[in-house]
Every structure is written in C-alpha cells, then in structure tokens.
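Accompanying notes for the structure given below.
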Amino acid sequence: MGRYRTPFPMFVNRFYVFVLLSGLAASGVLPVGGMKVYTSGEVEAVNGTDVRLKCTFQSSSPITPATLTVSWNFRPLGRGREESVFYYHERPYPPPEGPFRKRAIWAGDIMGRDASIIVRDVKFTFNGTFSCQVKNPPDVYGNMGEVKLTVVTTASFSEIAILAAAIGGAIVLMVVLLVIVMSIRRCRRKRREEEEEGDDEPPQRVRKDPTVW
C-alpha cells in the first residue's frame, strides 16, 4: 500500500517563490513593466506642408536624460530601404544626410515623456511608416511605436471642414466681441453726455409769492 503524500509541502514551496518574486519586484531588481510607446497611428499631410509625428512613452524606470535615447526610422512603401530619420541622446541629432536632412526637427520633451518630431515640407516619397523607439536603461525592452504617413495632394473633406469651422467660429466670436465692446462704449458715451447736459443747465429761480411777507 502506497504512502499518501500531502500537497502541503508543494504549496509551501510555491508560496516561498511567490514571496521571493514579490520582494524582488518591490525592490526594483525584477522589472514589473516595460517601455510603452504610443503614437497617433495614421497621419495625413498635404504635399509641401509640415507634419508633426506624435510619439509619447511610459517607462517603468525613472527618466534619466543622460542615458535615455530616441530613434526615429522610416520604411517607405514598396521595397525601399529603411532610412534613419532622427536620433536623440541628451540633445537632438538631426540626420546629416539623406532625404530627411534639414527636414526632421525635434519637437519633444523628454521629461514630459514626449519624443515627437516635425517633418518639414513632406513629399510623396515620404509615404510609408515612421517608427519611434525609446530606451530608458534599464528599461530597454518594449513595443516600437509606428506612424503611417499618407501624403496627399489636397486635404481631405473632414480636415477642410474642421478648418473652415474653426476659422468661421473665430470670425463670429470676434464680431460678437466687437459688437459688445461698441455697445458698451456707446452706453458710456450716452451716459456721459447726459451728465454733462445736466451740469450745464442754470439753476432755476424760485418765484416768490408777493403775498408772503
């Protein structure tokens, strides 16, 4: 007859392992998270204009400007080779050559967890995928954010409608404010004129009754 074994020792061992891993995670020896990069996903820009490629991040480690790096790359549509767009390490390093020379500009804020860039004067050859990679040692593993850029001849209807609505709203607001200001000035001027007319009138004599001594 076999000897019955209680599962209690196995439970104790698993409990010890759990406590050990929890302690390592709490002390920072064992990472509990990784670098997470967020982008706008898809962006549309009119040929010849500037476009902002948004890239923000969250790190499980404190931000260390001396070691944090940001790398932007571009993969065109088709079989084109991948190009380096921008690099950041303590300061911006624009590309010295290539299609993005004097076009890629730093627009981020490391302490604000922003690694965005601006691409000036976009061309149709910029149709493709821009990738944003952020490393903040020891937090160097995580997803790579991607932005799909579509360069078009004219803005889409939705963008034109939004722009027109914004401009129209601003004009209406200015007109309303102007009307309010003019009305206030007119009321003040009218009140001032009435007060001046009241001051200019001579005091009326009180007619004395001759029957009163």
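Every residue gets a Cβ built from N, Cα and C, even glycine.
Annotation comment: TrEMBL describes 202-213 as compositional bias 'Basic and acidic residues'.
Annotation comment: TrEMBL describes 31-150 as domain 'Ig-like'. Model confidence over the domain 'Ig-like' (31-150) stands at 93, taken as the mean pLDDT rounded to a whole number.
The feature region 'Disordered' is assigned by TrEMBL to 190-213.
Among the features that TrEMBL reports, signal peptide is placed at 1-27.
Beyond its flanks by at least six residues, the transmembrane segment (160-182) meets 154 of its own chain at Cβ-Cβ distances under 8 Å. Annotation comment: TrEMBL describes 160-182 as transmembrane segment.
Taken through DSSP, the domain 'Ig-like' (31-150) splits into 6 helix, 60 strand, 54 coil.
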